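Here the structure is laid out as structure tokens; the discussion comes afterwards.
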């Protein structure tokens, strides 16, 4: 039966995000990390994505955006989408700008980041918006909406 072992038996001491488990009577079987909730990997060093921590992720995105800005199509950049210009100017040339309901969504490729990183960021932002919209729709269906005081914002 497996039992908890000293963390020194596991690689990188499970990075402080798990417990070391092994078979004390069977040294042939290597010890391994059992990660705490929210962590993954052989040594518990990888944080699991959690879309319900959207406020933290949004705060991190704001820090990123303030440092690198946003891409306004293939040739322009700005501090925020509101400074990018008209949709025709930005997206007509085949740029990366994303427009929704006539407004620019601030999830374009940040200045100084690779195109693939920007695409991944756009994909994650799209998923996050979908989750938040679904949560808000469910909240409304249950009669829990309160206008500006809604718990979830899209």
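The backbone N, Cα and C atoms fix where each Cβ goes, and this holds for glycine too.
Because TrEMBL annotations are produced automatically, they should be read as predictions rather than curated entries.
TrEMBL annotations:
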DOMAIN    6-45  domain 'EGF-like'
DISULFID  10-20  disulfide bond
DISULFID  35-44  disulfide bond
Quick note, residue 35 (disulfide bond) and residue 20 (disulfide bond): C-alpha atoms separated, nearest Å, by 9
Ranked by how many other Cβ atoms lie within 10 Å of their Cβ, the disulfide-bonded residues 10, 35 are led by 10
Near residue 44 (disulfide bond), how many other Cβ atoms are within 10 Å of its Cβ?
24
Cα-Cα, whole number of Å: residue 10 (disulfide bond) versus residue 44 (disulfide bond)?
10
Within 10 Å of the Cβ of residue 20 (disulfide bond), how many other Cβ atoms can be counted across all chains shown?
20
For residue 20 (disulfide bond) and residue 44 (disulfide bond), what Cα-Cα distance in Å is obtained after rounding to a whole number?
10
